[in-house]
Amino acid sequence: MITVTNFQKHVLLIFCVSEHRDMKSMFRQVFLHWLLCSCTTQVSYQDENLVWLRNGASISLKEGNTEGRSSVCITPVIQADNGATFTCYLSKNSSLRDSITLNVTYGPQLSGSEEITVEKEEALVLQCDIWANPPVQSVSWTFNNTNVDLEATGLLETTDGFNTKLSNGRAVKSLHEGTYECSAIHAIYGRHTKTFYVTVTEKTFKFPLFPMIAGLVVVFLTILLAIIARCQRIMKCLKKFAVLF
């Protein structure tokens, strides 16, 4: 969903259309995959060239799309377009201009399921993306189809508007293994959920591979240096023995 806001309507006028309807009035909201915005001039300026900007940066226009009437197409309209300001002005008089700002609305990217395996006494972290425009109205977590009991499970819930998270520094099989679901309610796009299937396994011994390799290298070099030193002594003795005979 998108809202287009017109700022000025003097010599120039920007109006936008989508695959659904015209968007000439302020705060007209529509669902769309593309948006075509056109800039027109009054009759007395129809021979003038037009320039488009997006957030102050020049937009490259094809030949024939600059004189008297000019258009830009945004396709597809994505989250990154939210807050983008498109400005059209006369190339010979930049003070004669019109602008629109896009307000792209979208729900949280929250769906599907994920399998999580964590070892006993390791940290357990479950996270859901709830970023939306406008922000979600509410966020909740369930564990095995009931509301999460934070006190009983020792879980910590944190929500910052971008993500909601459940975490515990030491996973316990009897407390934390099971099915979790995070839900976010959005005023426009309704309820979105994601499911986590958590399995807590026994703690496994982690062989310290890199420290062991480093230790073996040190031992090998020590032995090698000792052998070299011993060989040097043997060579000296052989030389002395050869001189005597």
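Placed from the backbone N, Cα and C atoms, the Cβ positions cover glycine too.
All TrEMBL annotations are machine predictions without curation.
TrEMBL has this to say about the protein:
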DOMAIN    35-103  domain 'Ig-like'
DOMAIN    108-201  domain 'Ig-like'
TRANSMEM  209-229  transmembrane segment
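For the domain 'Ig-like' (35-103), the model's average pLDDT works out to 90.
Taking DSSP states H, G and I as helix and E and B as strand, the domain 'Ig-like' (35-103) has 6 helix, 39 strand, 24 coil.
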